[in-house]
Amino acid sequence: MSLPEPLLRADWPRERLLRHGAATLSDPELLALALRTGVAGCNAVQLGHDLLRRFGGLRGLLGTSPAELQVVPGLGTAKACVLAAVLELARRTLEEDLVRQDALANPDLVRRYCQAALGHRKVEHCIALYLDARLKLIICAEVARGTLTQAQIYPREIVREALRHHAAALILTHNHPGGTAAASAADIAMTRQIRQALALIDVRLIDHVIVAGAATVSMAAQGHL
């Protein structure tokens with residue numbers, strides 16, 4: 001069996017990125033640039049392929065903790081931390097956009113942020129996006145973390161944080177790991193309870209976005225608020 005010929009330098013991911021831009025590279029090639037080197041018997045691009053296959057694609061890979069990544073033979077602390085940093089940079093880019101823009105006027109940006117923050121999580125998390133009077137992001141804070149099927153959310157904690165940050169409005173988002181993005185009866189009841197609690201301090205609940213993998217559902221758009 002003949003082995004594949006080595007890539008010409010002009011075909012290396014770094015050289016192609018410099019000539020044609022990052023968008024021309026495949027996912028394994030982009031990962032190869034982040035990883036910089038491969039491991040024994042496996043170059044960086046092959047390692048990228050292997051990681052995507054092992055963890056079920058980019059979302060699964062980038063949602064994996066550094067400790068879980070280090071289980072891969074040859075993938076040490078440095079490479080695992082680089083991959084974790086890549087996801088965090090992507091999330092912070094979207095967060096930066098929310099600081100600058102009206103969240104109500106940019107529902108797609110909100111949806112993408114929620115998906116980036118929660119789509120890969122393996123247990124339920126609930127996050128609150130606290131907004132100022134111009135509906136720009138003040139701070140994003142985790143308000144609950146639970147199990148595979150539920151997270152206990154306390155309206156009083158959300159109200160307290162809204163007062164502390166002088167918020168005028170907020171958006172909630174939580175994930176359904178391994179499920180669908182459809183709002184359950186419990187989701188609807190809790191959301192309305194939180195909306196009523198916030199109304200007492202004159203804070204608007206604009207939306208509650210449910211995330212399941214790549215799917216998102218706006219409870220406001222579905223008439224549940």
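Using N, Cα and C of the backbone, Cβ positions are placed for all residues, glycine too.
What you see is a predicted model, and the numbers here were worked out from it, not measured in a lab.
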In Swiss-Prot, which of 6-19, 48-61, 174-187 is tagged motif 'JAMM motif'?
174-187
Average pLDDT across the motif 'JAMM motif' (174-187)?
90
